[in-house]
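J.: Sharing a structure here in structure tokens format.
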Amino acid sequence: MGPTASGKTDLAIALRQTLPVEVISVDSALIYKGMDIGTAKPSKAELELAPHRLIDILDPSESYSAMNFREDALREMAEITASGRIPLLAGGTMLYYKALLEGLSPLPSADPEIRAEIEAKAEQIGWSGLHRELLAIDPIAGKRINPNDSQRINRALEVFYITGKTMTELTAQQGDSLPYNVLQFAIAPQDRAVLHQRIEQRFYKMMELGFQQEVEKLRARSDLHKDLPSIRCVGYRQMWEYLDGDISLDEAIYKGICATRQLAKRQITWLRGWNSEITWLDSLDPTSSKLKMIEKIAQNSIKL
């Protein structure tokens with residue numbers, strides 16, 4: 001696990017060359033086909049060295065949930081262990097990790113009629129008005145959800161209208177835990193400034209590789225729009241705004257870099273607050289040092 005641009009892919013590839021592991025991607029952006037540059041998807045050469053499961057499994061027009069991920073990951077893990085190898089989960093979508101490790105709370109399925117009612121109400125009082133309503137119903141979720149995040153506001157209210165219980169109440173009820181012995185490692189630079197620099201450098205590199213053209217191709221599709229989960233991914237959202245004429249290219253790049261840094265901050269905060277035992281690895285340490293530490297801990301825990 002680790003924040004974006006921390007070196008997770010490079011370490012996963014090195015582990016694939018060293019240990020009997022198979023990589024499973026834990027990334028809510030890498031699941032989408034045709035979204036390669038802006039997601040920093042592993043290259044063809046990298047995937048030849050270390051094939052990643054759960055990459056390129058959906059069209060950008062489709063949605064994917066933590067429940068979907070848990071089901072898919074458990075299936076892949078069963079196949080890997082049946083072949084005598086070890087599942088190596090690598091990525092930065094912390095909600096997916098949480099769902100996999102702890103199971104899912106009993107949240108109801110989406111109800112199109114209730115969602116339509118919420119959206120109709122949003123047209124009358126705005127999403128900010130609905131956010132105030134959410135704060136009154138579920139203060140914890142309301143404080144956590146951004147007033148501009150219509151998707152999450154809609155879902156939180158929908159859950160309450162369906163069940164009569166708040167999202168906070170329901171998510172406190174855990175599902176089935178993971179039936180595996182799990183070793184958890186987090187990778188990040190100790191110096192936050194280093195991570196910020198990496199993020200900026202990578203964003204400009206993505207622009208050189210044709211990120212704008214990648215988004216233009218997506219935007220040309222009539223079935224894609226800015227409110228889809230795929231297009232809401234950091235970088236894509238800001239580039240879409242530029243192509244819509246809402247902001248300049250320089251603003252899109254700046255906002256994209258800022259959004260990526262904010263994502264990294266949330267990922268690190270989540271990891272710091274995670275109540276399970278995590279071994280931290282410094283991104284700047286030599287790969288050989290990180291491999292030795294992982295091998296030592298693994299040898300003490302599982303039979304390789």
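We number each residue from 1, going along the chain as drawn.
Glycine residues also receive a Cβ, built from the backbone N, Cα and C atoms like all the rest.
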J.: Give the range, chosen from 76-81, 190-195, 232-237, 250-255, that Swiss-Prot lists as region 'Interaction with substrate tRNA'.
T.: 232-237
J.: In Swiss-Prot, which of 121-128, 241-248, 265-272 is labelled region 'Interaction with substrate tRNA'?
T.: 265-272
J.: Using Swiss-Prot as the reference, determine which range in 16-20, 111-115, 151-155 is annotated region 'Interaction with substrate tRNA'.
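T.: Checking Swiss-Prot against the ranges 16-20, 111-115, 151-155, the region 'Interaction with substrate tRNA' one is 151-155.
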J.: Per residue, counting other C-beta atoms within 10 angstroms of the C-beta, which of the binding-site residues Pro3, Gly7 reaches the highest number?
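T.: That would be Pro3, with the most Cβ atoms nearby.
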J.: Who are the chain neighbours of the region 'Interaction with substrate tRNA' (27-30) in space, where the CB to CB distance is under 8 Å and they lie at least 6 residues beyond its ends?
T.: 38-39, 41, 52, 54-56, 64, 69, 91-93, 95-96, 229-230, 233
J.: Would you count the other CB atoms within 10 A of the CB of Lys8 (ATP binding site), including those on all shown protein chains?
T.: 24
J.: Within 8 Å of the Cβ centre of Thr4, Ala5, Ser6, Gly7, Lys8, Thr9, which other residues of the chain have their Cβ, at the recorded substrate site?
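T.: For the substrate site, the extra neighbours are Gly2, Pro3, Asp10, Ala40, Gly92, Ile187, Arg198, Ser283.
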J.: I need to check the long-range neighbours of the region 'Interaction with substrate tRNA' (232-237): which residues 6 or more away from its ends have a CB within less than 8 Å of a CB in the stretch?
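T.: Distant Cβ neighbours of the region 'Interaction with substrate tRNA' (232-237) are 28-29, 35, 38-39, 151, 203, 206, 211, 215, 218, 226, 256, 259-260, 263.
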